[in-house]
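To start, the structure under review is shown below, and the notes come after it.
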């Protein structure tokens, strides 16, 4: 039971900014000290080295560099990001994958990861949170759009505009989410002070802020082509978990005798999403178990291990004080507007998850279907040196990130969000929709136009098994 007396978290204690949220308020470093120039030389030329299949020989010829010249958090974050790019290019970037990272990469990566409270694998933090710069440093943005238009990516695997946009939209998403954190904490504070009017104002603001997040997410479609994402970028984001069919049973780090197994990069590693769930008391259960008595979803919990240590600790702290839903329910009869404001925020979160499903369907599910239906005609566009995500097997064996069936998992998260609504009317509205009393419910649409399906030679309906044709990174 959340506490009304446990101290509220101080954002500064957890490396969180009221202005930029989980993004660092001070710009990430774009270059390490001169001692680490051999690392920077590789990561700065990574697209060319992958193109010419020289990345492994370059890594094997690296000198053994220690972490003794890293002094600040910004330098450790830069080192973590750089080593992550190099390591994933080394594992996945040529025809034959390898299960061993040389110690000149593995040893410093392990040390840097431990310092930051992160696993040694490419994560959302290294790929997104700490991998951006301003085009014109110091330029003041008067609008959110100006903030986005002054961003650039530091490192990429492919050098493509699509990959850059993929990361930058995620940075923009985090920036747009920053007000949600402070608004949610303010709502908790006002609930403790028994000020329902202020709680209502915060929840109304939170609903609008979550709505903005959905719009930010849909910007992905503006300059990131689904084909480029799925076939050229996504394989590099894969981790080394559930990859036995590729002959990869984990990766050996340097001289360590036991292989390590980690999931790849995923937006489920965004602390912002779990923060919103906690603020609204949205619970997620194991896929296929919708009962309130079911266990918490192990995948969601495991993703906290892939967040910066301080951000994960913030979520633990927030879980102890998230009294908003409890407060709203206790005042639902005396203050129906408060109940309405809470349900509006939940509704916006459900709508956001609908949009997320649309993006995943377009960028992963349809591309996987396209690959299967068109065979080598599609995959031939992928450079031969790029490690493929997975050879085709029976659909029931093909799972999402971390072993989770992709669309069933996302749809259940969406439905569980709607089930969080307070009051019987709110629950019914978010479960059935406002027109349910006037027409029978239709089978859930995937929002993919029929003409598009025909063009791609897809079935008219995408069933959940067929939708799970991929390890669903991002």
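Each residue, glycine too, has its Cβ placed from N, Cα and C.
Keep in mind that TrEMBL annotations are predicted by a computer and have not been checked by a curator.
Looking at the stretches 304-360, 418-474, the one that TrEMBL records under the feature region 'Disordered' is 418-474.
Segment annotation: TrEMBL labels region 'Disordered' over residues 376-398 (candidates 261-283, 376-398). All protein chains considered, the CB of residue 356 (heme b binding site) has 19 other CB atoms within 10 Å.
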